[in-house]
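Visitor: First the structure, which I've put down as structure tokens, then a few questions once you've had a look.
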Amino acid sequence: MSSGLWSQEKVTSPYWEERIFYLLLQECSVTDKQTQKLLKVPKGSIGQYIQDRSVGHSRVPSTKGKKNQIGLKILEQPHAVLFVDEKDVVEINEKFTELLLAITNCEERLSLFRNRLRLSKGLQVDVGSPVKVQLRSGEEKFPGVVRFRGPLLAERTVSGIFFGVELLEEGRGQGFTDGVYQGKQLFQCDEDCGVFVALDKLELIEDDDNGLESDFAGPGDTMQVEPPPLEINSRVSLKVGESTESGTVIFCDVLPGKESLGYFVGVDMDNPIGNWDGRFDGVQLCSFASVESTILLHINDIIPDSVTQERRPPKLAFMSRGVGDKGSSSHNKPKVTGSTSDPGSRNRSELFYTLNGSSVDSQQSKSKNPWYIDEVAEDPAKSLTEMSSDFGHSSPPPQPPSMNSLSSENRFHSLPFSLTKMPNTNGSMAHSPLSLSVQSVMGELNSTPVQESPPLPISSGNAHGLEVGSLAEVKENPPFYGVIRWIGQPPGLSDVLAGLELEDECAGCTDGTFRGTRYFTCALKKALFVKLKSCRPDSRFASLQPVSNQIERCNSLAFGGYLSEVVEENTPPKMEKEGLEIMIGKKKGIQGHYNSCYLDSTLFCLFAFSSALDTVLLRPKEKNDIEYYSETQELLRTEIVNPLRIYGYVCATKIMKLRKILEKVEAASGFTSEEKDPEEFLNILFHDILRVEPLLKIRSAGQKVQDCNFYQIFMEKNEKVGVPTIQQLLEWSFINSNLKFAEAPSCLIIQMPRFGKDFKLFKKIFPSLELNITDLLEDTPRQCRICGGLAMYECRECYDDPDISAGKIKQFCKTCSTQVHLHPRRLNHSYHPVSLPKDLPDWDWRHGCIPCQKMELFAVLCIETSHYVAFVKYGKDDSAWLFFDSMADRDGGQNGFNIPQVTPCPEVGEYLKMSLEDLHSLDSRRIQGCARRLLCDAYMCMYQSPTMSLYK
């Protein structure tokens, strides 16, 4: 096979890429123009379709004796651009491309591609699927469970899908990972009990235990398959009513899961008849099917042309998107039995009626009433159709079926369109009203030849200022909503059209093609083509002007019905049942938008059910405060904290106001758009803007007091400790660094020991519900660890001694200190006097009244895969926990809105009652509900003093 290699340079301006992919069926020999070396591109390589900007399409115009070629960028050699003959490639859809690209051996990749049933079943393999894994060739397969599905490195236009499998039974210990890939934890399992493999090494275990084994085919199996009875691009006919219609075969094969029914044929009709989109049962069988003119029928309903006819220029028609090239399917084709017969047999197949609704005759117009959008001259938005004279012969269509079962925001998801033709009273074929995406702009289809490449788009918008990228609406009942992806004027039409990508699938729509020409690319059944003058700005939003970016969209569009209140009155947090009723549900908490989860979750933790920092909201402005101090404080108090406590909801618009203020700080940037760390946010807000008196005052080894707003635990991992508590971690850190609190804090924010967002020092951390900081305070009376009397000395070297209150800070009275350090192992210990308050009442400690300084846990901030969520305690009961996610759900697509949600998670209380030993032995994957995230993903734990929270 020969092909032209244009260069080994990076593909930039000369081409633009589309998300269409092809598999090479023949080996390529190409020359690198830089090195003049011959490069081999093996069969089984995958290329991405590219288009030449200068000519508007990727095919090299055919000359006499030469066939069409298409341009490809080989994914394995991303700088190589080459042209290949159409016959030497086959198109595959993106989902199959992802599965195949993970297989590095091109021969094995091609073999799996030809085994299309196995490949189709690969789409069913997901997290939780039971599988068998072939680790080494010729050896037995090991059972396992899929724990991860996705790309390992997302660095290409499309990335290969790998499967992370936890090996079970005899496979345990035979793997090579614990779920970590290049330092990133993709799933969790025991050491050497996990593997990352591609689909060719997997076998899905199904209910009947057959799995994919019967479908597995090696390269040698594929040559024994019967070829289909009809060749691609061959001409055929079929009876439609009383007339005969002709077309070209673009698909001929058995249907996945329906092999016993025999062959089915996809025909691209010469006239606009049919409504097959190339899919069957969710599997794309043919990528060149057009809902405007393609039909799928059983082979019994097809009549091959017996006489030579002049054909249309052949389309790029292959067994594509999961279907192999002719004769290369690896499962057995059906024999000529009762289920199949010679093409042209006139016994209508049962599945013909199943796939196409009914027979294509006059009865169809009775059983399948089409619906179309009528033209209303008074409202230009209604003028979506221009009926040809043929339409006058058809009786008016009835009203569309009732759609009351759909919610108002979902009614436009699907419409009962029909794309067939009905016989006219005079015997000719008259158009029935077609879908909005076809008939509203079709005109006389036969007067215009098939357009191979899109015309240049028209850059200017309409009178409403609509342009490419605008949120638009096509006013109908119900209306269509979407984003304009293309504006232009196709050949043969006098009107300027707009190509919209709809929010949801709609029957009769395409994937970006119109009349056989691709104008943009989107998901199937989401591309709608209408006259530009019929479009209006999306009426669901307050602003009619398009916005330039996500930052301004948050404000100018007002987020529809997602605005929140402004509350001037100072409001303490509502606790227990009252707080629960206010806060739980969807559209509760703080709405996330554009990488704001770090800020949403931190604010929710600090203020939803705690008043520990309320003084921050009340301090009057002083002369040294910055100019926007009052603006920030007022925003926090009246638009965020108070509404959150009264109504349980704050919209993203208010948070964006705060993010813009954070951007004003000279040392800060990216707060309106980038992902940030909570500690960075707290430092900017508390230190630079609000000038909050530092929450913590810490002294190191008698040195000057250091001020800070939160404390991060730094320590080396102790392999002897399975699940540490926050109490242990804080004490270890203070002892090892020789630190003390100079004052008892009213609010203590502790950052967990971890490096960055990904690496955790401990797999689980137990969030102590109560924190005793008495032994960590300066000038505070403390109990002797032995007798309970007033401690006079502290010994850091005794801390690790397992014989004396293991894992506790050691302080002793004078007598006990002498006794303890008489032991030979402790003779050389260096202990120091405990600092005590000068005015300590003598009778207090003599009567055992040494007070304890304790703090209560009120919130935990967690992170998993760069997304922050929050756990908050709303009452005294152990089960009084709520889980908050600012981006729990979504309304709409790319230009939609996040929906925050707060849910009760009482199961947390049960896990916090468990012993540390039981918690350590518990498999993290078996932890129910949200509790796993609390125990495994803690980022910050927040404590408050029950007696001081309103005074500091």
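Cβ from N, Cα, C; glycine included.
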Visitor: Which candidate from His821, His867 does Swiss-Prot annotate alongside Cys795, Cys798, His829 at the Zn(2+) 2 binding site?
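Guide: As annotated by Swiss-Prot, Cys795, Cys798, His829 share the Zn(2+) 2 site with His821, chosen from His821, His867.
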Visitor: For which of Ser45, Ser407, Ser414, Ser447 does Swiss-Prot record the feature phosphoserine?
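Guide: The residue tagged phosphoserine by Swiss-Prot is Ser414.
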Visitor: Out of 724-776, 777-829, which range is noted as region 'B-box' by Swiss-Prot?
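Guide: In Swiss-Prot, the region 'B-box' feature sits at 777-829.
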Visitor: Could you break down the residues of the region 'B-box' (777-829) into DSSP helix, strand and coil, giving a count for each?
Guide: 13 helix, 7 strand, 33 coil
Visitor: Using the recorded Zn(2+) 1 site (Cys784, Cys787, Cys813, Cys816) as reference, state which further residues of the same chain have their Cβ within 8 Å of the centre of those residues' Cβ atoms, listed in sequence order.
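Guide: Neighbours within 8 Å of the Cβ centroid, excluding Cys784, Cys787, Cys813, Cys816: Arg785, Ile786, Gly788, Gly789, Ala791, Phe812, Lys814, Thr815, Ser817.
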Visitor: Restricting to the same chain and to sequence separations of six or more, state which residues have a Cβ under 8 Å from that of Cys813 (Zn(2+) 1 binding site).
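Guide: Set apart from Cys813 (Zn(2+) 1 binding site) by at least 6 residues yet with Cβ under 8 Å, we have Cys784, Ile786, Cys787, Gly789, Leu790, Ala791, Met792, Tyr793.
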Visitor: With the Zn(2+) 2 site defined by Cys795, Cys798, His821, His829, which remaining residues of that chain have Cβ atoms positioned within 8 Å of the Cβ centroid?
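Guide: What remains near the Cβ centre is Glu797, Asp801, Lys810, Ser817, Val820, Arg826, Ser830, Tyr831.
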Visitor: Whole-number Å only: compute the distance from the Cα of Cys795 (Zn(2+) 2 binding site) to the Cα of Cys816 (Zn(2+) 1 binding site).
Guide: 12
Visitor: Over the domain 'CAP-Gly 3' (488-531), what is the model's mean pLDDT?
Guide: 84
Visitor: Within 10 Å of each Cβ, count the other Cβ atoms, then let me know which of the binding-site residues Cys784, Cys787, Cys795, Cys798, Cys816 comes out lowest.
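Guide: With the binding-site residues Cys784, Cys787, Cys795, Cys798, Cys816, fewest surrounding Cβ atoms within 10 Å: Cys787.
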Visitor: Among His821, His829, the binding-site residues in question, whose Cβ has the most other Cβ atoms within 10 Å in this structure?
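Guide: Of His821, His829, the one with the most crowded Cβ is His821.
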Visitor: Work out how many Å separate Cys798 (Zn(2+) 2 binding site) and Cys816 (Zn(2+) 1 binding site) at their Cα atoms, rounded off.
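Guide: On Cα coordinates alone, these residues lie 13 Å apart.
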